[in-house]
Amino acid sequence: MPKSDLDRQIHLNIEENVPLAPFTSFRVGGPARFLIGVRTLRELQEALRFAERMKLPFCILGGGSNLLVSDAGFPGVVIRLLMNRVTRSGGMVQVQAGFDLTALVHRTVGWGLSGLESLAGIPGTVGGAVRGNAGAYGGAMADVLATVSALDAGTLQPLTLRRDQCAFAYRDSRFKREPGLIVVGALLALTPGDRGEIGSKVAETLAKREAKQLSCDRSAGSFFMNPMVDDAVLIRRFEEDQGVRCRECRIPAGWLIDQAGLRSLKVGGAAVSHRHANYLVNTGAATAAEVVELARLVKKEVQVKLGVVLKEEVSPVGLVI
Ligand SMILES: Cc1cc2nc3c(=O)[nH]c(=O)nc-3n(C[C@H](O)[C@H](O)[C@H](O)COP(=O)(O)OP(=O)(O)OC[C@H]3O[C@@H](n4cnc5c(N)ncnc54)[C@H](O)[C@@H]3O)c2cc1C
């Protein structure tokens with residue numbers, strides 16, 4: 001732990017009954033009983049002690065770009081990770097969990113370091129991206145991770161995990177399965193390269209996202225994960241329709257939702273985006289209950305019409321989906 005953290009007297013800024021919707025890209029959901037923004041490991045430990053003393057559950061908030069918060073909110077302590085230091089030594093980049101992922105991509109372009117280009121434009125923090133192994137265009141966060149620094153919420157002990165100890169898989173990790181392990185930082189192993197070339201790749205990624213309108217707001221991005229499909233007829237139909245080979249037998253959930261005829265389906269203020277069928281969007285004043293009902297309908301229809309079971313990528317807070 002840095003000495004400056006030890007020396008500092010811990011004074012938490014604890015806010016009560018704070019609406020969570022503004023902290024999420026969906027702009028949906030009720031209040032947190034308590035909200036605490038933490039800037040150091042010690043503050044995080046103190047926030048966890050506070051939750052323990054109050055006998056309340058806790059939940060970690062990063063950039064809020066993959067969350068669906070219940071209309072009733074969260075009856076516990078929401079801890080917002082704000083630690084955002086980044087340092088570089090050669091190709092190794094040490095970054096804290098609260099650092100914005102896209103800002104990190106741009107920072108590494110400036111340093112002439114390659115490895116994060118395909119992640120440009122993914123909203124949220126480094127911590128959220130590690131936990132969900134965020135990715136796009138064939139790349140994912142885990143590809144560049146050397147180690148992950150975490151805090152065990154049970155013992156309050158920090159630990160460092162090698163990449164092979166983190167059980168990374170498609171949009172999955174040990175941190176997702178063990179919510180008591182909080183990601184506080186990451187050491188990335190990047191490759192020195194030509195700044196201009198790296199910058200061009202980042203620009204290409206951003207242009208591809210822009211063309212697909214992947215930045216539309218009031219959503220949590222892809223609501224469902226791309227499922228593994230073993231139906232050879234469906235795979236062939238997808239490949240012929242899209243003119244691409246199916247990667248690892250995963251078919252984009254958006255294509256399946258589209259094929260099921262659900263583009264623009266609505267429940268109250270929640271709708272399947274007409275631009276990207278795997279984006280469920282809040283058209284204005286959607287409630288979480290409406291989003292959940294829309295997701296349920298989408299899953300049911302895709303299963304009935306195409307025989308595929310969709311699984312949520314989005315993280316629920318204060319509700320079960
Ligand atoms: C327009 C749009 C486009 C998107 N495009 C993509 C894409 O191309 N690829 C992709 O993979 N995702 C995409 N997403 C989803 C989202 O950006 C990612 O899942 C992102 O990594 C979430 O990070 P976050 O900091 O916002 O996490 P949050 O939404 O704050 O949290 C998500 C979950 O992670 C947990 N969490 C957050 N930080 C930590 C931490 N430090 N330690 C432990 N748990 C933590 C939270 O408790 C919660 O369960 C998109 C979202 C939007 C809105």
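Using N, Cα and C of the backbone, Cβ positions are placed for all residues, glycine too.
Database features, via TrEMBL:
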type     : residues : note
DOMAIN   : 27-193   : domain 'FAD-binding PCMH-type'
ACT_SITE : Arg171   : active site
ACT_SITE : Ser222   : active site, proton donor
ACT_SITE : Glu313   : active site
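Locations of recorded TrEMBL features on the structure.
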residue: Arg171; record: active site; CB count, 10 Å: 19
residue: Ser222; record: active site, proton donor; CB count, 10 Å: 22
residue: Glu313; record: active site; CB count, 10 Å: 20
Nearest-integer angstrom distance between the alpha carbons (Cα) of Ser222 (active site, proton donor) and Glu313 (active site): 7
Model confidence over the domain 'FAD-binding PCMH-type' (27-193) (mean pLDDT, whole number): 97
